[in-house]
Amino acid sequence: MTLGRKLARVLIGTAIAGSLATMNAAVALAEAVVPEAEEPGVMTMEAPKPSWFFVRGGWGSAGTSIFDAGTGKMIGMVATSRDSDLGIDPSGKFYYVAETMWSKVNRGTRQDLVSVYDSKTLKLLGEIPTPGRLIVGGFTTNFVLTDDGKTAYDYNFDPASSVNIIDLTKRKFVRAIELPGCAGMIPNPGVGFSSLCADGTIATVAIKGATQDITRTEPFFDAAADPIWSNTVYDRKKKQVVMLSYTGVVRTAAVGAKVEVGAPFSIQEAGGMKAADVKPLDIAWYPGGMQPMALHRPTGMLWVLMHKGEYWSHKEGAEEIWGIDLAAKKVVKRYPVEDEPSNIQITQDDAAMIMVNGGGKDAVIIDSKTGEVKHKIENGGSGLITVVESM
Amino acid sequence: MTLGRKLARVLIGTAIAGSLATMNAAVALAEAVVPEAEEPGVMTMEAPKPSWFFVRGGWGSAGTSIFDAGTGKMIGMVATSRDSDLGIDPSGKFYYVAETMWSKVNRGTRQDLVSVYDSKTLKLLGEIPTPGRLIVGGFTTNFVLTDDGKTAYDYNFDPASSVNIIDLTKRKFVRAIELPGCAGMIPNPGVGFSSLCADGTIATVAIKGATQDITRTEPFFDAAADPIWSNTVYDRKKKQVVMLSYTGVVRTAAVGAKVEVGAPFSIQEAGGMKAADVKPLDIAWYPGGMQPMALHRPTGMLWVLMHKGEYWSHKEGAEEIWGIDLAAKKVVKRYPVEDEPSNIQITQDDAAMIMVNGGGKDAVIIDSKTGEVKHKIENGGSGLITVVESM
Amino acid sequence: MKRFNPDAMGEKLLRRLAGGTSRRGILSRLGLALVAAPVFPLLPVSRAEAAKPDRSPEAKTMFARTAQTKDDTKCNYWRYCAIDGALCTCCGGGIHTCPAGAEPSPVSWVGSCINPDDGKAYMIAYRDCCGKPACGQCGCDNTDRETQLYLPQLNNNVIWCFGTSSMEYHCSTAMMIGAA
Amino acid sequence: MKRFNPDAMGEKLLRRLAGGTSRRGILSRLGLALVAAPVFPLLPVSRAEAAKPDRSPEAKTMFARTAQTKDDTKCNYWRYCAIDGALCTCCGGGIHTCPAGAEPSPVSWVGSCINPDDGKAYMIAYRDCCGKPACGQCGCDNTDRETQLYLPQLNNNVIWCFGTSSMEYHCSTAMMIGAA
């Protein structure tokens, strides 16, 4: 039935049946003339800006809200269904959402796809069916775009590890690469991608057309005793990944055909304390949360969510955020934070505004230079925070 | 791919790739023998009991939790997708859920259906496609079963008013009846159903095979000036509906081929005050909420959510609940409540336990005889509350 | 009581009530429907026009007495006297404009709100923006003259996303239709 | 370090880890996989078995020091040392039993928890119950020896609903596999 038909039915129906307040008012109104009446419309947005935070709602939420760091105002929302992953086209033209839906909410046919949205109208431009993906949400490393924006890597675990390669230009799934014992992707431009592995190595998948070579670093961490957060942070310009372990060991690695892991340092030692360890009863400042660190790439400042506690408290929210000069390996700022946030992000512009969320109802924007709270956004979302990285 | 295949892949993968903590542990474990190891299983439930509250989660929630009024414990959950309506088979064998889903969460193909669940296993037994339904949630009167459990009436508004008749025995949609100017259903056993209308009447739809006669009472309320809550309460044994208006006018009507509306009374006058009116600035005790009243059918006690305020505050949560002896037209109990609840329900057994929710995070169970708070259920749900009415 | 005069209803007004500008099919049927309509008791929303309106403080609802005209991202902005939902002005949209990617519903529920600057009542169409997940910002629930389901045009619980490609609710706008 | 001895793994144990009792296809492949596995550094979860375990208070995590054995509807019940989610015991299910209408996942993540009554460590399989909306009661997030995605059997963020007809998460159980 067309809408016209439906409207006609309701109006005739109401007319026959009884009270017609709206229509009577409309009649009265018609006589009053209405020069100030308005027209409905739909906004368009600007291309993604470095001053924007893309903030996922809480567990089970279906949207990613965009907030401007300067004003604290909401700019718009990308539809990101439950446990989906958002990718932002480096050229700013598209938003990509890797998602999984069932045809009847929680039953029926499973559908895995990458939805493509125009970044200005937020209209759905297309859907790319994929074989499957890990349903988890909360990680930046499960759906990664290449620097040229032409390829997406989509992590799958079913429960076997693999990576789907998606051609974003042709909007087509290309093929899957098995990735046994490893998970998530670190961009590795011109090579393929790299990945953290259970044996304490980084595996590098060099993609050559329809085949690939997989090489590994030497083991450099203990995946069970002192794990590195899957939410690593990648710096496109430096081609460098920053890694953080549960005890607070910070490592960087230069990506390339051969990944080179740099010398680690202790975040506590960088703050003038003794390094934390894995023993119970030892109280120390530990990093914690789901997205426990953010890197301001232009200045090489790493911001980490820190709390006092014992080891195996790695999901606990923060009491302070620590600003670490990565080059100097020194903690140079410590700011107290409220509500035990578990996610942190920072804009990649000169403003260098931090957002933390995930503890209370507010998403909080903090000036990284002063520690001053600039905005508290009620119901601002409690999930993963993404920013645009300049190319 | 079968699960077997998947599992084999992950295990082989992990074996090749590296660390295999679980399997190593399992190996160690195998040597230790495991006499105390347990088996997974799935519970079955009892048929719906008069001491159970069926509590819808908040806006956007997809489940209806069942709590026992005596223990305050959760018994189970019926999957009720967003803005769906729950119907309980009078014989206790089935739960019916009238729901609307899209094939891709918020896009794709719209699907309207009644899902049928076994009440003991909560397994989905079938789906009855229907032409459409009003997507609103929060009302008891939009999906109503007949006393014999053979027929369901499902209200539709698209935006024209109609009622879908569903044969629950054959699990088949039968036909739709247009219901212009009216909304929702009051059971009318042996006749069909009745419905509140915008012209201030109750319409009665007498269903006769493939046709129906629609008759109306005289107008007895002003639908725009002092509306009656759509959430009317029906007493199966007395074949009587109880209605409440925004100002607090309580009316009963005997249903049948001809509906007889009884003499109204003012809830404030029943409490020894002057009747409230529709004028601004007049402060009075007004009823308020989404589901503002509950009837204990065995004793004829009506429980109403009341707050102090001005007129047009009909969605405000309660400061007190008032217990009104319907026969005597007297307020006989007044209990203060916390957190401004907007829904109330009462079990239909001798225990007569009240539940209120919708203001804070807790669903609160109150002994109607004493006003004592028996249980506070954290995250107990903030939506509509349903109980089983004895036949 | 005022009598119903369909000839006095301009097409422009009908269009505003019914939504888009290219729905001539709707408009012609709408006209027919109104021609067929008998006279009904006038309801509050139209009483303002029917009789000389009482705009004294004593006649104003609590909402009207405390409403403001400066900030349309607050629940007490004057037009929001019967809104229920997230304000689109807080979601990247405007007072009568949907945020990017959302679709305005061609139909709406209505309210009659008093502008405190001129003391006059205006008819407001609350038009939902649809097809995106709930915005979650600036949730308001004002209820001046808000009714129940049998008077759906004055009910704010219904998700007014009819005729849109998706009925998912994102936020609500408050479009001024004209003097009430 | 302990060596891997697949012959010592009874089918019963494999079945418990892998789930249902009729999945012989899984079990045979599982056996093959294990045969193919090289030796790895033993990780904490198995160290308890490898060496004489240290059960002094100093060796216990904060969770283990404060755990109790009486009430399995509380987050500090001893088996829940690495659980993340709603406790099925609060949702109409049991410690190793799904609520009605939910489907137990045939695979699980695991934890190694100390029972304060006997001071011994036990291996716990956290088996999600799937196919129903989130239960919402008794949300817990304990993290003893909980790791990241590259060690998924020890990660509690993943929705462990593989091989079920729906992957919607309802609640989590804590099934005892045996001594660790």
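Glycine is treated like the rest: Cβ placed from N, Cα and C.
Listed features, source TrEMBL:
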- D:68-178: domain 'Methylamine/Aralkylamine dehydrogenase light chain C-terminal' (DOMAIN)
- D:C75-D:C140: disulfide bond (DISULFID)
- D:C81-D:C113: disulfide bond (DISULFID)
- D:D84, D:N156, D:N157, D:V158: substrate binding site (BINDING)
- D:C88-D:C171: disulfide bond (DISULFID)
- D:C90-D:C138: disulfide bond (DISULFID)
- D:C91-D:C135: disulfide bond (DISULFID)
- D:C98-D:C129: disulfide bond (DISULFID)
- D:W109: tryptophylquinone (MOD_RES)
- D:W109: active site, tryptophylquinone 6'-substrate hemiaminal intermediate (ACT_SITE)
- D:D128: active site, proton acceptor (ACT_SITE)
- D:C130-D:C161: disulfide bond (DISULFID)
Looking only at C-alpha atoms, tell me how far D:C98 (disulfide bond) is from D:N156 (substrate binding site), rounded to the nearest Å.
18
So the record assigns D:D84, D:N156, D:N157, D:V158 to substrate. If I measure every Cα pair among those residues, what is the longest distance in angstrom, as a whole number?
9
Please compare the recorded positions D:D84, D:D128 by how many other CB atoms fall within 10 Å of each one's CB, and tell me which has the fewest.
D:D84
To the nearest whole angstrom, state the Cα distance for the pair D:V158 (substrate binding site) and D:W109 (tryptophylquinone).
9
D:C171 (disulfide bond) versus the residue listed as 'tryptophylquinone' - Cα distance in angstrom:
14
Cα distance (Å, whole number) from D:C135 (disulfide bond) to D:C81 (disulfide bond):
20
How long is the line from the C-alpha of D:C75 (disulfide bond) to the C-alpha of D:N156 (substrate binding site), rounded to the nearest angstrom?
15
Out of D:D84, D:C88, D:D128, D:C130, D:C138, D:C140, which recorded positions come under 8 Å of chain B, measuring Cβ to Cβ?
none
Could you check the disulfide-bonded residues D:C75, D:C90, D:C91, D:C98, D:C129 and tell me which sit with their Cβ under 8 Å of a chain A Cβ?
none
Residue counts in helix (H, G, I), strand (E, B) and coil for the domain 'Methylamine/Aralkylamine dehydrogenase light chain C-terminal' (D:68-178), per DSSP?
9 helix, 42 strand, 60 coil
Counting every protein chain present, what is the number of Cβ atoms, excluding its own, within 10 Å of the Cβ of D:C90 (disulfide bond)?
20
Distance from the residue listed as 'active site, proton acceptor' back to D:C135 (disulfide bond), taken between C-alpha atoms, in Å:
12
Among D:D84, D:C90, D:C140, these being the recorded positions, pick the one whose CA is nearest to that of D:C161 (disulfide bond).
D:D84
Proximal residue to D:C140 (disulfide bond) among recorded positions D:D84, D:C113, D:C129, D:N156, D:N157 (C-alpha distance):
D:D84
Rounded inter-Cα distance in Å - D:C91 (disulfide bond), D:D84 (substrate binding site):
15
Inter-residue Cα distance where the pair is D:N156 (substrate binding site) and D:C90 (disulfide bond), in Å:
19
